[in-house]
Amino acid sequence: MISIWKAILMLVLASSTFSTIYSAKLQRQLENVNVMRIDTDLDSDVNLLSNLLAQPQGFKNEGSTINFDDSLGLERQFEGIGGLSGGGATSKLLVNYPEIQRNEILDYLFKPNFGASLQILKVEIGGDSQSTDGTEASHMHNSNDENYERGYEWWLMLEAKKRNPNIKLYGLPWAFPGWIGQGTQNPYTNVSLTADYIIRWISGAKRMYNLTIDYIGIWNERNYNVAYIKTLRNALDLNGFQNVLIVASDGGWDIAHDILNDGQLANAVYAIGCHYPGTYDSQDAYNTGKSLWASEDYSTYNDEIGGGCWARILNQNYVNGYMSSTISWNLIGSYYYGLPFYRDGLMTAVEPWSGNYNVSTPIWITAHTTQFTSIGWRYLKHDSGVGKLPQGGSYVGLVSPDGTDLTIVIETMTHDHSICIRPGLPWYDVHPQLVTLNLKGSFARLTSMNVWYSKLGFNGQPDIMFQSLGQLKFVSGQAVLKLGLDEVYTLTTISTGQKGSYPVPPPSQPFPLPYLDDFEGYPLYQEPFNLAQQTGSYEVLSDGQTKFIRQMVLENPVAWCDSDLHNKSISVVGSYTWSDIFVEINFRIPTLNSTSGVFVAARVDQGGCDAFKAQGIYLYVLQSGAYQLSNDFARTKITQQGSVQISAGWHTLSLLVQGASALGALDGVILFNATIPTSPASGFAAIGTDSYGLADFDNLLLESAASGLKIMGKYTMLVK
Ligand SMILES: *[C@@H]1O[C@H](CO)[C@@H](O)[C@H](O)[C@H]1NC(C)=O
Ligand SMILES: *[C@@H]1O[C@H](CO)[C@@H](O)[C@H](O)[C@H]1NC(C)=O
Ligand SMILES: *[C@@H]1O[C@H](CO)[C@@H](O)[C@H](O)[C@H]1NC(C)=O
Ligand SMILES: *[C@@H]1O[C@H](CO)[C@@H](O)[C@H](O)[C@H]1NC(C)=O
Ligand SMILES: *[C@@H]1O[C@H](CO)[C@@H](O)[C@H](O)[C@H]1NC(C)=O
Ligand SMILES: *[C@@H]1O[C@H](CO)[C@@H](O)[C@H](O)[C@H]1NC(C)=O
């Protein structure tokens with residue numbers, strides 16, 4: 001069967017000159033051949049071939065001439081497709097990848113003409129607070145503290161700029177350290193103070209890294225404050241950051257109403273950024289005349305349906321809602337399985353220990369637009385180059401600033417294959433169809449355009465992603481395209497596209513055991529790798545003799561979600577599927593600003609904004625002189641307790657969880673052998689503090705239960 005198809009393909013390739021202007025006589029040939037060259041990807045040949053040989057039934061061709069005409073003028077400026085690192089800790093595991101794979105991943109994301117070739121990188125301005133998949137560190141834990149060497153967003157911005165100096169940078173806070181609220185949960189308590197805090201972040205980027213921040217936001221998905229926005233604009237101008245533009249408010253479209261009624265606010269805001277707009281703007285937003293952005297969108301599991309979602313919204317955010325920029329939450333799903341919104345990124349990298357990563361469909365969907373446009377191109381007008389296809393799907397036409405290059409992106413995503421996480425998607429139909437592309441105005445002269453093609457594979461069909469199909473010929477400005485379902489076509493005068501590739505990454509591996517981290521190899525102020533802080537902020541410090549990690553948060557932050565409002569910190573590590581495990585760590589509680597206690601834990605069953613509700617097996621030692629074994633992080637379900645004294649200096653805390661029993665030890669002395677609740681059955685290992693306040697940790701050791709039992713077998717047994 002396959003060999004017959006291959007023979008037909010050979011014939012087709014030998015005899016055909018790609019599709020030309022539509023005529024009844026040519027129809028049969030067109031249906032067979034809208035593709036001239038097929039990449040040497042043998043796996044997809046069969047599928048592509050069956051697509052090409054599809055019978056014409058079901059194809060509709062009524063009223064299907066689509067005009068692309070620049071003589072009627074151009075519309076809005078295209079402002080780029082971006083990815084969002086943060087909101088929060090979504091790139092956590094990426095930093096620690098082996099150098100080779102890490103560079104490959106960064107190339108897939110940022111390198112021009114290689115993969116997603118992103119045009120905007122949006123990052124979180126860390127607020128020492130949980131912001132979805134973890135906590136990102138603030139550059140000012142306290143009002144007297146300033147540090148630009150924390151976390152990974154600086155590094156990521158540098159890597160992005162290294163690959164694409166033209167990439168735009170956009171910073172946005174989700175939360176703020178507690179002192180910003182001055183005892184409240186309101187970051188607008190003193191708007192000058194908050195503006196100063198943000199200006200310092202922008203200045204720090206410039207001073208420390210020569211990074212120019214292009215856009216700055218207000219407060220992610222929380223209320224905006226008009227006085228604050230004006231104050232921020234003023235402070236930016238006074239500090240020489242006239243070119244840093246404000247995008248507001250990273251929530252709904254509601255700020256449009258205030259912009260229409262307040263000239264000063266209108267002057268302060270460059271673009272209205274809406275989250276998950278469902279491809280539609282509001283009348284008010286349109287009436288402001290401002291740039292409209294989907295400043296956070298997508299957030300969908302990155303399988304084929306995720307690719308379909310992304311393809312549909314990248315086009316239709318402009319077609320339906322005049323949005324000239326769309327930013328994916330998130331850039332890369334680089335956080336543990338078991339944390340919220342697993343794999344909701346353009347690609348996935350969750351195994352720094354193995355180097356395994358996955359380039360997912362949204363990378364190539366992005367390439368369909370980004371590899372053939374730049375920020376500053378202009379959309380053609382609605383109905384003369386932007387619109388809906390007669391039988392479902394959409395198209396956008398974009399023109400280069402000098403007017404000479406044209407890129408057309410067409411998508412035919414079906415409803416069920418393009419559902420995004422939110423909002424709901426009303427029903428619509430898409431049918432296979434023939435369309436006549438009609439180039440007018442200055443593009444009428446074109447005799448061919450380069451074609452790039454993707455088809456998302458469902459029902460066992462493989463994906464065909466971002467294949468170069470050679471050139472489509474135009475006669476008198478016209479060509480016919482046969483459009484199937486769940487396809488993306490780019491037709492472009494740009495000839496530099498490339499489907500970048502690297503060797504298959506190393507195979508997937510479970511989290512390695514035994515695992516020991518002594519933190520000696522880290523730069524100062526870095527976050528510990530693999531420890532995914534859910535509340536609190538942990539960073540590497542040195543006391544001159546040894547490097548260790550310290551929990552730095554002293555008070556409840558101005559939080560983004562509930563998990564931070566309970567005066568406790570937790571950092572998870574390892575595998576969400578672990579049931580039996582041994583966790584041991586050295587800790588020290590400083591005398592100044594200290595925490596009320598520390599813990600090690602196993603079977604921790606949640607993180608994210610619900611981190612405070614996590615169940616598991618927690619061994620706390622408290623400065624009050626007690627140890628407690630608790631079934632929850634909140635320490636409300638205590639199953640075992642006794643007294644211990646914690647002197648100054650280093651101690652060792654050990655917890656072995658095996659089946660229905662737990663063994664705990666402090667400084668090599670067994671505290672208990674206790675029966676534990678059977679639920680939860682599995683979860684992460686963790687360390688943490690009983691309250692905010694300083695605690696130091698060193699030499700994190702994770703072992704299998706069997707090895708842990710051997711280790712504890714040498715400890716002093718004080719119990720029966
Ligand atoms: C608000 O913050 C600014 C900048 O830090 C400071 O100069 C000012 O005194 C503060 N105002 C009040 C009322 O605390
Ligand atoms: C800083 O970056 C700019 C580009 O934004 C570049 O022109 C300049 O040379 C850089 N300066 C240094 C000291 O690297
Ligand atoms: C990534 O692909 C590998 C195969 O290379 C597979 O084993 C693994 O489960 C995938 N992981 C994710 C997160 O998609
Ligand atoms: C202790 O806390 C105060 C504020 O409460 C802060 O100013 C000081 O820097 C803190 N010291 C340390 C070592 O964290
Ligand atoms: C802990 O107790 C369980 C059951 O009570 C027992 O099977 C196990 O051997 C004990 N472990 C140690 C190390 O004593
Ligand atoms: C956090 O807990 C510590 C220790 O119990 C206590 O001293 C501190 O006041 C608490 N902070 C808040 C904000 O509740």
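Note that Cβ sites are derived from N, Cα and C of the backbone, with glycine treated the same way.
Positions annotated as active site, proton donor/acceptor by TrEMBL: E221. According to DSSP, E221 (active site, proton donor/acceptor) is assigned to coil rather than to any helix or strand.
In the shown protein chains, 26 other C-beta atoms lie within 10 A of the C-beta of E296 (active site, nucleophile). Among the features that TrEMBL reports, active site, nucleophile is placed at E296.
What TrEMBL records for 78-371 is domain 'Glycosyl hydrolase family 59 catalytic'. Looking just at the domain 'Glycosyl hydrolase family 59 catalytic' (78-371), the mean pLDDT is 98.
The domain 'Glycosyl hydrolase family 59 central' annotation in TrEMBL covers 380-498. Across the range of the domain 'Glycosyl hydrolase family 59 central' (380-498), the DSSP-based residue counts are 5 helix, 56 strand, 58 coil.
According to TrEMBL, the feature domain 'Glycosyl hydrolase family 59 C-terminal lectin' maps to 533-703.
TrEMBL lists 1-23 with the feature signal peptide.
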Local Cβ density at E221 (active site, proton donor/acceptor) - other Cβ atoms counted within 10 Å: 16
Alpha-carbon distance [E221 (active site, proton donor/acceptor); E296 (active site, nucleophile)] in Å: 10
